[in-house]
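Encoded as structure tokens, the structure appears first; notes follow it.
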């Protein structure tokens, strides 16, 4: 069987003749595998399932290309990716290797334990490497930090060299987010001449820089470091095209824009159009953090018409205002927006301040805006929810703070010159001219429209009265003439002389009365103007204060804190004023009707402190500088407290406290204007007055 199979196979095989070019022997093109090299062999199928098996058996010489290329460990993978990143950075950054060298030097020079000489050497080495390339590498986040450190610690000659190299490129660098810090550092260490040169280089670019989020920081920094003349130069460039093109047109005396316009004869309309084109992009982008912008807005409001002012106020009456009230001009803008704004705008302003009340109350300028709000806004429920509720959480800290207490003192004693400086009161009384003029014109028109023309009967009566007066005048003149003739002919009798004296006295009194009437009229005019200029709400100020103090519960919690911390507050420089106002019941007796019992408890708490005996460890309340003067004022201004203090602390001990600072408290009982208080302490204090220990007359106020 095997032999037959071999024969059959031999017959089926075709004989091949070597060297023959038979076409039949060539394989057909359709049968030739085109992608035989690229195709991968199919994995063998599993006999049971018919699916390709997962594992392929490889021969000893077969290897995977992926296993050759991929790193074996995680560390090798990290190193490989780092090398690729370094290669990409070298292609992308021109001075990449230089930045790496500078970073290594920076790590050494910024250490705290390095000696000054070694640091100076490292700084010099870094500057030598950067020489001629500072402008190119200043925009890098690494190189800019190295340059700032070098400028801070280098010598003056090296700093001047860096300034000279950067001087032509300051404007370009001011737009870069990293280079701007280098520019600020250069200005901090610049001389007066260099600063003046930098400010002059800003000429023509101030408006464009203020519209840029990064560039505005440079202008603000230069404005803070500049002199008054340089500040005016930067500011006036934003006000007019003429002032932007030409320098040195105005002196420092013309500080206000109104004076500049009148001196140069500028057209008010063109100035307003130019300022509007500068201000609008700044407000739209929300770049309102800078003092130069606040000053520009205050000058604009002072000359703008009613519609322009309303547009600006509508844009500012938002959470943007919180970012502006940190400067003097920004706080003034906030006060004007509160005073002249509508109820809706005031509500937006107060809601925008929510969550920031503690920071605003502690700020020397921001607290004035809060003072204006509690003095003007009639919606006391909104103020209680948004402002009073937040301030009650930090009430003790506010009392002890110099600026934080101003909000409380405004409620207890409004617009007191003892607690507010003249500048603060001027800011609180500021106004917008265009809005006030419109309101005054409207009020005068209303008054004139209410005046009716006199009727014919009144005219006839007036004519009759004038005729009678004319007749009286004629008869009086004739009588005077006859009297004079009689006096010339015969001597003047004693009765007539007395009559002449009385007539002269009457004339003088009439003149004085006329002058007094004129003074009163002038006072009425000035008071009317002040009340007209100082914008306020429709609600009665006393009613508003009662709602904010008593109905909100602020006064009760304030008295409780004063009772608990009486010793600390009365001896502090700032807390004593709040304690004094609370103990006296506030201006106009605002606290007395409702909180008399609690105020009496406060009086007893202060008297109990004064009743404690002397000790060498702690300074006594009556001997402390601040507390002794506060107690003296309370004795002079509050009879209830004076009687409580005398009965509880000083009766029988006045001679002990008749020396030092405590002497002022004892002498206050002698100088008191209340007769009952004088009578209460007379028996014990009169011997001290007789012996010269106490003075009987009050000190003259100078």
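Here the Cβ of each residue, glycine as well, is placed from N, Cα and C on the backbone.
What TrEMBL records for 1-10 (among others) is compositional bias 'Basic and acidic residues'.
The region 'Disordered' feature in TrEMBL is assigned to 1-92 (among others).
The compositional bias 'Basic and acidic residues' feature in TrEMBL is assigned to 63-87 (among others).
For 101-459, the entry in TrEMBL reads domain 'PUM-HD'.
Summarising the annotation, TrEMBL assigns repeat 'Pumilio' to 129-164 (among others). Cβ atoms under 8 Å from those of the repeat 'Pumilio' (129-164) belong to residues 93-95, 98-99, 101-103, 105-106, 109-110, 119-120, 123, 173, 176, 178-179, 181-182, 185-186, 189-190, 194 of the same chain, restricted to positions at least 6 beyond its ends.
For the repeat 'Pumilio' (165-200), the model's average pLDDT works out to 94. TrEMBL lists 165-200 (among others) with the feature repeat 'Pumilio'.
In the repeat 'Pumilio' (201-237), the DSSP tally of helix, strand and coil residues is 26 helix, 0 strand, 11 coil. Feature annotation from TrEMBL assigns repeat 'Pumilio' to 201-237 (among others).
The annotation compositional bias 'Basic and acidic residues' is assigned in TrEMBL to 437-460 (among others).
According to TrEMBL, the feature region 'Disordered' maps to 437-539 (among others).
Annotation source TrEMBL lists compositional bias 'Basic and acidic residues' at 469-484 (among others).
Residues or ranges marked as compositional bias 'Basic and acidic residues' in TrEMBL: 496-539 (among others).
Proximity of distant same-chain residues to the repeat 'Pumilio' (201-237), defined by a Cβ-Cβ separation under 8 Å and at least 6 residues beyond the stretch ends, is recorded for 167, 170-171, 174-177, 180, 183-184, 187-188, 195, 243-244, 247, 250, 252, 255, 257, 260, 278, 281-282, 285, 287, 289-293, 295-296, 299.
Residues in the repeat 'Pumilio' (165-200) partition by DSSP class (helix H, G, I; strand E, B; coil) as 28 helix, 0 strand, 8 coil. Broken down with DSSP, the repeat 'Pumilio' (129-164) shows 28 helix, 0 strand, 8 coil.
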